[in-house]
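Have a look at the structure below, then the notes.
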Amino acid sequence: MSAMNSALARRNAVNVTRQQAGKNLRALLAGTAAADVPDLEITDLTIDSRKVRAGGAFVALPGLRSHGVSFATQAISSGAIAVLWEPADGVVPPAVPANVAMVAVPDLKAAIGTIADRFFDSPSAAVFVTGITGTNGKTTTAYVLAGALAELGRPSAYAGTLGHGRIGAVKPGTHTTPDAITLHRQIAELRDEGITHLGMEISSHALDQDRVAGVRVDTAVFTNLTHDHLDYHGTFEAYGEAKARLFAWPTLEHAVINVDDAFGLKLAREYRGEGLVACARSTSSLASLPADTSHVLVRRVRAEAGGLVIDLDGTWGTATLRSRFVGDFNVDNLIAVLAVLLGWGFELSDAVAALERCSPPPGRMETFTAAGKPLAVVDYAHTPDALEKALLAVRNHSSGRLICVFGCGGDRDARKRPAMGEIAERLADVVVITDDNPRTEDGNAIVAGIVAGLKEPQRATVERDRARAIEHAIAKAGAGDVVLVAGKGHEDYQIVGIETRYFSDRDVVQAALRRDA
């Protein structure tokens, strides 16, 4: 039976009962080191004291600066009838009313995934979960996987930085991977909506902090590893080890790994599970793997005005993928999704056709155009490194000028402003400097910081009204030109002072392209 049919059969076999009115606390904590657990029914479970519901249980974990148990009183006042807390040195729980269960659970952080899985009736047992990890590309890969599956007729959803839900109906989120309880709750919601397949971003923080504990991950995808998040992990080795945990997941059936990445190649060599598919652009990357390793190999990439054209071959044959995506780095994201689909048993022609109908995530190298108009690209790039990569990526899709519209956020690191100015001037033909989210900082001072990085500031245009800046850039551009609008991506707001206003780069770009079209 193919992996896809196996997943569908598993879903049909699982007793997918909707969340009952209450769950027995003693049953939820079975197998943990908790003692004297009362025979109590709870109606909800949360790690956030502000979101406690009457009759629910509040989960108190140790944090970097404080222990969650310090919020127990607040949780109880909101209706919590039980507090599950992890003992820690020097932490004394508050006195609670006699009708509230105060349960100490050693190693609660490690057990909370299992507890949440039980509370929400094992949601991931009914959903085929693909976890995507890596420094870059998680959002696009997870989003496109969900989109491709939808094109192939599978009820699918995305979960990650942008939120969670079906493509076109994603509910905004706040973390790449939320806490374990929230994650299981989200998967349960998707299950109850009829979702059978989930493309989910999994950050290194989430793996290190057990936020994915209890989730039955069926397929793991590795995109790449660069020197990021070392402030948290300490060393590159520790960062890699956190990512590698996903590839030793007990429920794993398939793995897709970018072996052009040095750490990815090491990961593939050490992988001992079933269903490995290696992705590469170089035959030398594949040479050190067993000859029978399933693989997808990129032979040639062409950057055209309408997107990337990718010639590929491998275990499943040869094909040409004509995508709507721009930016060379998206080649790796698209091929990773293709490898997942092929590993599951989809035909190459069907998988390629599905990918050709997919669009990028909102605000992630998202393209817009109209007849006789420039190609406009909206991207979330708001750091020097990201801006440089975005400009280099879109340059290949331009037969004319490259115009860059960007700004820098206020009340944030001012050191990046001249660096971003230097990058924009060096890589773009025309630079338009505008407001991003000025917040409480003087917008003119922010602009001055950007201009300080320019060699020829007189050649740049400064228009602090972001809508006017975008409109100006598109009006001055013609067919063959590319306008990169960087910084806000999918965001639909702008923060000026202490006020948050509705604003969308995507909306302004589309309106400007329609004008006089």
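The backbone N, Cα and C atoms fix where each Cβ goes, and this holds for glycine too.
What TrEMBL says about this protein:
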BINDING   Gly134, Thr135, Asn136, Gly137, Lys138, Thr139, Thr140  ATP binding site
BINDING   Arg412, Asp436, Asn437, Pro438, Arg439, Gly487, Glu491  meso-2,6-diaminopimelate binding site
DOMAIN    41-119  domain 'Mur ligase N-terminal catalytic'
DOMAIN    132-340  domain 'Mur ligase central'
DOMAIN    363-489  domain 'Mur ligase C-terminal'
MOD_RES   Lys243  N6-carboxylysine
MOTIF     436-439  motif 'Meso-diaminopimelate recognition motif'
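Here the C-alpha separation of Asp436 (meso-2,6-diaminopimelate binding site) and Thr140 (ATP binding site) works out to 23 Å. If you take the CA of Gly134 (ATP binding site) and look 10 A around it, the recorded positions you hit from Lys243, Arg412, Pro438, Arg439, Glu491 are Lys243. Remote same-chain residues near the motif 'Meso-diaminopimelate recognition motif' (436-439) are listed as 382, 406-412, 446, 466, 487-488, 494-498 (criterion: CB distance under 8 Å, separation of at least six residues from the stretch ends).
Nearest Cα neighbour of Lys138 (ATP binding site) among the listed recorded positions (Lys243, Pro438, Arg439, Gly487): Lys243. Binding residues for meso-2,6-diaminopimelate (Arg412, Asp436, Asn437, Pro438, Arg439, Gly487, Glu491) extend across at most 17 Å, taking the greatest CA-CA distance.
Geometry remark: Lys243 (N6-carboxylysine) versus Thr135 (ATP binding site), CA distance 9 Å.
Counting only the Cα atoms, the space from Gly137 (ATP binding site) to Arg439 (meso-2,6-diaminopimelate binding site) is about 29 angstrom. Separation of the C-alpha atoms of Pro438 (meso-2,6-diaminopimelate binding site) and Thr139 (ATP binding site): 26 Å, rounded to the nearest whole number. In the shown protein chains, 17 other C-beta atoms lie within 10 A of the C-beta of Asn136 (ATP binding site). The closest partner of Thr140 (ATP binding site) among the binding-site residues, by CA position, is Glu491; the full candidate set was Asn437, Arg439, Glu491. A count of other CB atoms within 10 A of each Cβ picks out Gly134 as the most crowded of the binding-site residues Gly134, Gly137.
For the binding-site residues Thr139, Thr140, counting C-beta atoms within 10 A of each C-beta gives the highest total at Thr140. Taken through DSSP, the domain 'Mur ligase N-terminal catalytic' (41-119) splits into 25 helix, 18 strand, 36 coil. The Cβ of Gly487 (meso-2,6-diaminopimelate binding site) has Tyr380, Ala381, His382, Phe406, Gly407, Cys408, Gly409, Asp436, Asp505 as same-chain neighbours under 8 Å, each 6 or more residues away in sequence.
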